[in-house]
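> Got a structure here, written out as structure tokens. Questions coming.
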Amino acid sequence: MHQASSWSGTPSIRGSTESLRMILLTFSLMGVTIVWGVEITYCTPYLLKLGLSKSDMSLIWVVGILSNLIIVPVVGAIADKSTSRWGRRRPFMIGGAVAGGIALLLFGWAEAVVGYLVPGEPLKSRSTIAVAVLSMYTIDFALNTVGSSSRSLIVDTLPSSQQQAGSAWASRMAAAGHLLGYFIGSLDIVSILGSGFGGSQFRSMILVAVVTLNFAIGVTCVAVSERRLMPSASSQAKPTFTVLTELFQHAIDLPPRMQSICWIQFWSWVGFFPFMIYSSTWVGETYYRYELPASGPALGSHDVLSQVGRLGSLSMVMMSTVQLTAAVILPYMVESPKGAPGTASFTPRLSEGLSKAFEGVSLHVSKFRPNLVTTWMIGELLFASIMFCAPMVRSLVFAMAIVAAAGVPWCLASWAPFAEMGVEINNMGGLEDSTMMTTSGTYQTVLVEDPVEINDIDLEREVLHRRRHSGSLLRPELALTEHEDTLTRGQAGIYMGVLNACSTLPQLLGTFVCWVVFSILEPGKDDVSDADPDHKWLDVRKDAPNPIGVCFFFGGSLALVAAECMRRLRSRDKALDACPAQ
């Protein structure tokens, strides 16, 4: 028989207002997205510049994807059982930030480090590629660790009724991070700050990413206090194989609605992966293909990598602006989750003044507000229609418009799955949550874990919720024990790890398809002159189809599959809502 887990303290967030507390809780995600933006903008063109082909790049991604598929869920499972006095999530966030910062510096200065240590040109070139690729893998792993831990921290800290609001704020912070990072990247930093700050646009952005990542993680870790899992005789460290077995068991035994969310995440990410990886390169190639002035500088006469990075960053600034705007507005247009205990018809998500201003309008149009799944489905259909236009792009303005328009569906993809999964995790635990304001002004979540304290109305609501998630109203659900309640709520890292796997696995499929497309449409670019070997990685053939645009079209096709999964989930939810309580 398992020994019940014991906890010390309660989770709390500093801050005098709800908006400030939400910002501090999700601030770490701003740093993660800034680094991710730098990786998206510069990683592909930088590795192509070092000598890799686009088909090689597709294969390079596979190793990193496979490692994160295993390592990140394992980190989440280990964090769930951590008895550190600093909590279960923050130590991994800090460790990931430090490792990511070191890897970023090594990635940016790979040529200099290898040049200092390795003599001889052939070996130096191969060693530089190896160091850059390994650094990229470390960056990717660190970002996934920090991001997954940050999402789990939201689930651990907020009650069910505020999971959707917490995920909405996480989406806002992510959008703000993208906007800030891409805006800085669109500037000519070398001209503004001089060559002493990195020496090039690429290295300057690396330094910006390192500073902002560690600062953002530090802010959240200082502002948030976690409850501590107390060590016990039954909480001994388990071998990695046992952890993997438990993860696999959780993955195959997910409740039906969690399974649906994970499948939606899978197909959605197959569609988004090519776009997020190659969008900045695609914008730059579109400019050099169709709009480079004949009287302008020759291809080899300026820093093409920095120019492509600035054009890509400018397009992503537009996308992030749209994403941030959507992240602010959409939560007021979407129903709060019905399954969340204590959810009011209107949940304030911004400052009190703005909340009151929007509350009247929100209540007036509440009959017409779609739920989150419906809104998510509309966003996925919008993304599919946008991607279908990509192969027809022949101008920089059109390319930037497509990237910018993707901000709305990307906002929903960054918000909806985590909000839905957070509500499910909280409700599975059978815990009634309440909130209180301490005299110090900090926000605390108090978990009432004794089933005896739940009144008859709350118990009936909880039983109905469990029946709904069991997949059948005819299957009786027994009340969870106190240990099971605590255990389920304490396994947020595992469930978020499973959700992370559902955004990692599709990258394998997307990578394979991109490799096939690049191998067919861009096998070696033999028709490109060798007169500019430093820029041969850039595909400027006007009379050939753009392979990146073809990959985007494929992603749009898979987005339709995700939309169909959302339609089925919505239909099932409606059918279950229509069933009378037994």
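Cβ coordinates come from backbone N, Cα and C, glycine included.
Values in this document were obtained by computation on a predicted structure and should not be read as measured data.
Marked as transmembrane segment by TrEMBL: 20-38, 58-79, 91-109, 129-146, 179-198, 204-224, 266-288, 308-330, 372-393, 399-418, 498-521, 547-566.
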> Using a Cβ cut-off under 8 Å, which residues of the same chain at least 6 positions beyond either end of the transmembrane segment (399-418) come close to it?
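For the transmembrane segment (399-418), the sequence-distant neighbours (Cβ-Cβ under 8 Å, at least 6 residues beyond its ends) are 151, 154, 167-168, 170-171, 174-175, 261, 264-265, 268-269, 272, 275, 279, 282-283, 286-287, 314-316, 318-327, 330, 372-373, 375-376, 379-380, 382-383, 386, 389-390, 393, 496, 499, 559.
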> Are the transmembrane segment (129-146) and the transmembrane segment (547-566) close enough to be called in contact, which here means at least 3 C-beta pairs under 8 A that are separated by 6 or more residues?
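Contact criterion not met.
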> Of the listed stretches (58-79, 204-224, 308-330), which one yields the highest count of Cβ-Cβ distances below 8 Å with the transmembrane segment (179-198)?
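Looking at each of 58-79, 204-224, 308-330 in turn, the most contacts to the transmembrane segment (179-198) are made by 308-330.
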> Do the transmembrane segment (20-38) and the transmembrane segment (266-288) come close, with at least three CB pairs under 8 A (pairs 6 or more apart in sequence)?
no
> Under 8 Å between C-beta atoms and at least six residues away from its ends: which parts of the chain pack against the transmembrane segment (308-330)?
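Contacts with the transmembrane segment (308-330): 37, 40-42, 45, 168, 171-172, 174-176, 178-179, 181-188, 201-202, 205, 279-281, 283-285, 287-288, 350, 375, 396, 399-400, 403-408, 410-412, 414-415, 538.
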> Test of understanding: applying the rule of at least three C-beta pairs under 8 Å (pairs 6 or more apart in sequence), is the transmembrane segment (547-566) touching the transmembrane segment (372-393)?
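Contact criterion met.
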> Can you say which of 91-109, 266-288, 498-521, 547-566 has the most Cβ pairs under 8 Å with the transmembrane segment (58-79)?
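When the Cβ pairs under 8 Å are tallied, 498-521 comes out ahead.
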> Can you work out which residues elsewhere in the same chain, 6+ from the ends of the transmembrane segment (266-288), have a Cβ less than 8 Å from its Cβ atoms?
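Tertiary neighbours of the transmembrane segment (266-288) are 40-41, 44-45, 48, 61, 299, 304, 307-309, 311-313, 315-316, 380, 383-384, 387, 390, 393-396, 398-400, 403, 406, 410, 413, 417, 502-503, 505-507, 509-511, 513-514, 538-540, 546, 548-549, 551-552, 554-559, 561-562, 565.
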